[in-house]
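Per TrEMBL, the feature compositional bias 'Basic and acidic residues' maps to 124-152. The domain 'BRO1' annotation in TrEMBL covers 1-105. Here TrEMBL flags 124-159 as region 'Disordered'.
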Amino acid sequence: AYCYHGQTLLASDKCGEAIRSLQESEKFFAKAEALCKEYGESKGPGTTAKPSGHLFFRKLGSLIKNTLEKCQRENGFIYFQKVPAEAPQLELKANYGLVEPVPFEFPALNTHWTSETVAAFDLTKRPKEDAAKPKPDEEVKPLKEPDIKPQKDSGCQIS
C-alpha cells in the first residue's frame, strides 16, 4: 500500500512524501520477505509453497526499488523537497470505485416458529422406514431371443 501510495504522491508532485512512503514500503517489504523465507524453510504441510518466489512478490520488490530510485533522482534534480521524518498516513477508506457494503441483518422470526415447532423436528424420534430394508434379489429368468437370419430379399432396390 505504501508503494502505490508513493506512486500516487509522486504523480501529484509531492516527491518528499513519496520518498518517505517508499522508504516505509521498503522496510515492510524486507520484513515480509524475511517472513516468507522463514515460512518456505519450515517443516510441515504446505512446504511446497514459496511465497517469496511468487511473481507478485518479486515484481513488487523491483517496483519499490525502481520507484524509490526515480523519486530520489527527481527530487535531486527537480523538486528539492524535504523528506519528512514520519511516513504519510494511508487513506484506508476508499472514496472511489467501491460500493458501500450493505450491513447484513437477520430477518425477524416468524410467529409460527416456536420452541414446540423446533422440538418437533427431532430426527431421533422419526418413525422407522420399511423402505430402508434391502429387498432380496429376484432371480432373473433368461429370455429366448428369436433366431434372426439375414435375408437377401428385403424388397429394397438400388437403382
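Keep in mind that glycine also has a Cβ here, set from the backbone N, Cα and C atoms.
Annotations in TrEMBL come from automatic prediction, not curation.
Under DSSP, the residues of the domain 'BRO1' (1-105) split into helix, strand and coil as follows: 65 helix, 0 strand, 40 coil. Summarising model confidence by region, the domain 'BRO1' (1-105) averages a pLDDT of 89.
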